[in-house]
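Before any comments, here is the structure.
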Amino acid sequence: MTAGQRHRQPGRGSGRGGEQVTVPPADFTSYYGRPVLKPPVWKHDIAGYLFTGGLAAGSALIGAGAHLTGRPGLRAVGRWTALGGVAASTYLLIHDLGRPDRFHHMLRVAKLTSPMSVGTWILAAFGPMAGVAAVAELAPLLPQHGPLGLARRLAPPVGNVAGLAAAATAPALATYTGVLLADTAVPSWHDAYPSLPFVFAGSALAAASGVGLIAAPAAETAPLRRLALAAAAIELAGGRQLERLGLTGEPYGHGRSGRLVRAGRALLAVGTAGALVSRRSRILSAISGAALVASSVATRFGVFEAGRVSARDPKYTVAPQRERLAQKGPAASR
Amino acid sequence: MPHVNSLYGPLDPAPDAGYVDAPPRMGFFTDTSVCIGCKACEVACKEWNNVPGSGLDLLGMSYDNTGALTANSWRHVAFVEQPRSAGWATPAFDGTPDGPAVSPETAAVGAGTSTDTGTDPGLPPGSPAAAARMSGGPEFLGMPGAQPPGRGTGAEGRADFRWLMMSDVCKHCTHAACLDVCPTGSLFRTEFGTVVVQEDICNGCGYCISACPYGVIDQRKDDGRAWKCTLCYDRMGVGMTPACAQACPTESIQYGSLEDLRERAAARVATLHEQGVPDARLYGDDPNDGVGGDGAFFLLLDEPEVYGLPPDPIVTTRDLPAMWKRAGLAALTMAAATAFAFLGGRP
């Protein structure tokens, strides 16, 4: 093998859906085929966190919506799922660190240029609020009289305020993760920056609607069916751009990452359709809910994997940059 | 008030980071045209900075057994073998004989020579006929040919050949994505305009690793933290030359104020162009490039990607304001969708 050899990538036409997306042939040089970038060292914890964080955010919104529209069963499901999601998120984020015992170093600074720092502070605001809102659901278990009786009476209003506060930060929690991935040199993540927050917002709402459809009383699930529809619209509209990125969109449509992304979309479509027609059937509702949850998991892992694929292959780094230089003109490429 | 170019464009990074009366920005100019691939820089860096060993592995990549910049290799000498003229030299192997290594007659004579080895049977003479046959060219015995490259194939079948060697290092970007995205403040800008990791702060989140457009910074498996070249911050502070530049025997690695280095580099490129090396070009010297110019820049003899460098890196945080806008829009959409679900339509 010699370095500086030219790799030839045949032109590719993706003919799915009757739509021709042609990627120009990439002719590029590399150093012994080694990647230019370091692939992300984030483990699957982070893909899992993308899911649990989104689930927590969507559920907090559902909890607040249910509270404001008088659906106590759905409210409880939303609040507990939000707490469970944010607890799992915190665990996953800390577990992924190279030095988990230093997780609190994140709290030394607040930096707008670091989406991870911004996310830390969003989580720090969201987590306790989601926790208080969920624990307030335990008020009916307290005795009617005595000091605990006072807590029983105070808990619901405190929980309501906390629940609304959590819901206020929830959209930020669900969408900043799009910036978290995009603000890297990883070609497929960076180039997808206009889409990722929308894909993640839709995915978060889909997952949370799914859990609601599984766990909430059937009589209170009407908003969830509409929410699933809205989630699908947001995610599919945002996601349509992913494969249209050109070469760096390739991992979203090909290989294992592509299969995960496609599975996510198929499950989203099935789950949403199921949610819309399963009004009368508890079992069908639960199955639709499970499909929505599974869709979110598949999408998150698919997007995560697509980024790792694009960082490992020098083609995705070199070819688009060469193309950019060629567009700037011969003077720029020297 | 942050500088208008604080995310992108030409900038003097130390004053932008808040240093008052900062010393001149320091950096490296690595002139690969005089690199001899001795790897003294790799060794000196490890010695001075107490960087752990990175294993004794043969990677099969020319003479490069380091492979890449890692948390345990802060200098990396790349070796590139190319079937191409070295530029200023006469064509490779020009004038060297293209016949077999030895004539059949000489081989036959040679087969009869012997010497007293003091042993028995010692070194008995060989078969002149077999030796003559062997000298006529490789007899395929399932073994690689024993002839030097180009022998027996005729002069026109020979390829030109050159070696490129380049000592790679952290670029200490003007707009350093690693520093921008670090959520703990572990990565910081020094008064010399360089970028350094504080090992007592880093919690191994790994964000810098994905953010670096050059694939420089890396995580140590055993301790979980991110490590990279510090441009010998400790040596700079007392006016000493960084270990790699100090050790470099050919002054391929030059250390100094970025202003001086840029002048020197421009002069060197002009000299090489005069001497008939039109491929010589600077990489990372331009303050108007995608990272605002590198604190450590290079003179290369081929395209950057040949050495494993990105041809047109752009700091990812250039697009950060646009990214936050998209996220904000998505967040509003999400809130609106929830409102629609709970308020709109009939159950």
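We count from 1, first residue shown onward.
Using N, Cα and C of the backbone, Cβ positions are placed for all residues, glycine too.
TrEMBL has this to say about the protein:
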type: REGION; residues: A:1-26; note: region 'Disordered'
type: COMPBIAS; residues: A:1-10; note: compositional bias 'Basic residues'
type: TRANSMEM; residues: A:46-68; note: transmembrane segment
type: TRANSMEM; residues: A:80-98; note: transmembrane segment
type: TRANSMEM; residues: A:118-142; note: transmembrane segment
type: TRANSMEM; residues: A:154-176; note: transmembrane segment
type: TRANSMEM; residues: A:196-216; note: transmembrane segment
type: REGION; residues: A:315-334; note: region 'Disordered'
type: COMPBIAS; residues: A:315-326; note: compositional bias 'Basic and acidic residues'
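Among the listed stretches A:46-68, A:80-98, A:118-142, A:154-176, the one sharing the most Cβ pairs under 8 Å with the transmembrane segment (A:196-216) is A:46-68. Under 8 Å from some Cβ of the transmembrane segment (A:46-68) lie the Cβ atoms of residues 40, 74-79, 81-86, 88-89, 92-93, 96, 123, 126, 130, 133, 160, 163-164, 166-167, 170-171, 173-174, 177, 200, 203-209, 211-212, 220, 223-224, 227, 231, 293, 296-297, 300-301, 303-305, all in the same chain and six or more residues away from its ends. The DSSP breakdown of the compositional bias 'Basic and acidic residues' (A:315-326) into helical (H, G, I), extended (E, B) and coil residues amounts to 12 helix, 0 strand, 0 coil.
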